């Protein structure tokens, strides 16, 4: 019983620490070292960023302090307002980064294309009192923006970070959180919300990306390997013939149809995201579609089992089939890197592949056991038949 007060004390301290840590991440609890005060703030959902602001609706003046925390060395940060769209192109950005001499450079840069090196230039609206500080891995950009009154206090915002080459900003990553750092902000009410995941299209873009990932993960990444396992191991059992063949065809045909739907969704996403290129993922996807399409049509040219060319068709069919499966698994993992979903999605798919691999290994060993045993039995039967024939010949 004496341990109970100590245990209670430890739990209280732990809860206090966790609570303090959670509160410390809220922008409303932040105090600027310069004693600046802002009327409102928003905890931006990604990239460890926060926006503090004061908005004067009568003049359109917006005083902001954009904070980017947990920033490693050799990084630039930017916060932008896009008066014309919800994505990157057209954004009017404020950029800051620590220079090699220890000073911090802050400047304005309008974004006219995805392939930008963030050159310094004036924005479409006036910016004053621009400055930035970098301390304890935290960059803070201060500025006053004179926004058009026609916006009614609702603005499209973008924020980013990327690497530096010397004192030159490099393009930011085009996957994960770096294509999700977009939102709308009602400067009057303080309400904010996600607008896109990579340059336009709203929540539908994220929904399309998820549909694309699920369709391709299930079809190319799961059904195709299962179909190959069915063909490889069920046909060993004579009782499963010809059921294994129809199961194999059904599984692979279904995977192909679903996979083509996922592939088409990917092409649509690519056309809607000009400037954002996932070259490897796209190239492998196109290769998968081509190889799988050839595989489907090759079924109509399949020679009969006793045909002299059947062995060559089998070599082609197995080679292309296993190539498709390997490329599919690789591309699913590449897609997961691009989508950056919660970790359990990657863990779940990894577990499925590991289970399928174990099942295939066990069935492979069992298949060889059955085949070797069957060959020995057939040889023994042939030997017995030959001996029997020789014995009968003595009495003829």
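Just so it is clear, glycine is given a Cβ too, placed from its N, Cα and C backbone atoms.
Curation plays no part in TrEMBL annotations; they are all automatic predictions.
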Which listed span TrEMBL calls transmembrane segment, if the choices are 187-207, 313-333:
313-333
Do any residues, 6 or more residues outside the transmembrane segment (243-263), come within under 8 Å Cβ-to-Cβ of it, and if so which ones?
211-216, 218-220, 223-224, 226-227, 230-231, 234-235, 237, 285, 288-289, 292-293, 295-296, 299
Under an 8 Å Cβ to Cβ limit, what residues of the same chain, 6 or more beyond the ends of the transmembrane segment (213-231), are close to it?
244-245, 247-248, 251-252, 254-259, 261-263, 265-266, 285, 288, 321-322, 324-325, 328-329, 331-332, 335-336, 339, 341, 349, 352-353, 356, 359-360, 363
Using Cβ atoms and a strict cutoff of less than 8 Å, what residues sit near the transmembrane segment (348-372) while being 6 or more residues removed from its termini?
217, 221-222, 225-226, 229, 232-233, 236, 329, 332-333, 336
Quick test of the contact rule: Cβ under 8 Å, at least six residues beyond the ends. What residues does that give for the transmembrane segment (313-333)?
216-217, 220-221, 224-225, 228, 281, 284-285, 287-288, 291-292, 294-295, 298, 301-303, 346, 349, 353
